[in-house]
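Data first, discussion second: the structure below is written as structure tokens.
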Amino acid sequence: MKLKRQKPKEKFSYDPQKVLKKLEDLAWKILEEVKSGKNPYFDVPTRGLNNVYFDEEARLIKLGDKLSRRYFLNVAHARKFTQTLILMAYIKRLVSEGKHASLREAYYANKHTIPGTRENTFEDQSESDPIIEDLERMLGVLREEMHITADRRGYIYGDIVIKDGEDEFNASKLGTGGWAVPGTVEHIQFPEVNVDYVLVVETAAMADRLIEEKYPKKENCLIVATQGQASRGVRRLIHRLHYEEGLPIIVFTDGDPYGWYIYSTIKQGSINLAYLSEKLATPDAKFVGMTMDDIKEYNLEHVTEKLKGIPPDKKGGPTGDYKRLIEELNYPWFQNKEWQRQLKLALKWGVRIEQQALANKSLEFVAKEYLPEKIREGKLLP
């Protein structure tokens, strides 16, 4: 199976003015309610499992339409209402001035004692972070579009030209460490893309192995190392590379419940960030490994690891990996018969298989045989 770029489905569309307009429209609504003597309020999409569902057609985990109304003239709501206005004003200033702030900086920048009272605007970051999430859901924009950033994690390597502000560079010519993915990728542009597909790799050690073996050059692909669970910035970057550049996405993780969950968040989104799935998830992504079938296919039985936790048929079980496996077996997005088979095999055998276990064959095996053969033969899970 030859992987080829497809026709782009989206265009680069970041526009700070759109974010400012949404903020201002919401602020004008509140002002008009105050002027007319009404009790001003915000309608906030409800968080929680009871307002999350799996859209079979879109293949995405989505937020439902339940709302909670937050009034100013309500003792139970007034504090959060005021905090929302404070952060809206702060975000407007950030976007207008073209500056960015971390979640921690946003908390400290807005923490102060209200004049004439002993009341602080925020007592802890655990108060400001949820308000920023509320604004994401209320405005329908990413916090990164509001210039609020998170810690950076992950890197890319391959023949793709990146434009980051005034800087323009090729991600295959920055040394073997590649380009570190920033917390915010909304402003990043791709003037030149010379790869056929994206290979998303869970561990930095495996990504480094593939780079050392010159896999990106030989197979003409872009390596994206997530370094564990993919950050929002990495997931957004993967989404953009697929939808704006038409690049197929192949995911390569450890063969365990954690690795498979990493894949599912890249593909379908996550329950916690269901309201952002349409901007972060990539439903067309495919999974190359590791799988339970790989253990038999490549004679890796002697390098498997035992699942962590207590099995369901033992006292106190299921816990750990076993508990996560059973949860995944019941997720709507893992109901495909191929995935059900893999999950049940893991549960039956009680083992997991790491990416690095392929080194038992040889250091070059993963780059010269395992990945090229599986991708060429189309041995990919949906």
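These residue numbers are counts, starting from 1, taken along the chain as shown.
Positions of Cβ are set from backbone N, Cα and C atoms, glycine also.
Swiss-Prot annotations:
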type	residues	note
DOMAIN	14-155	domain 'Topo IIA-type catalytic'
ACT_SITE	Tyr108	active site, O-(5'-phospho-DNA)-tyrosine intermediate
BINDING	Glu202, Asp254	Mg(2+) binding site
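Mapped onto three states, the DSSP output places Glu202 (Mg(2+) binding site) in coil. Counting residue by residue with DSSP, the domain 'Topo IIA-type catalytic' (14-155) contains 65 helix, 25 strand, 52 coil.
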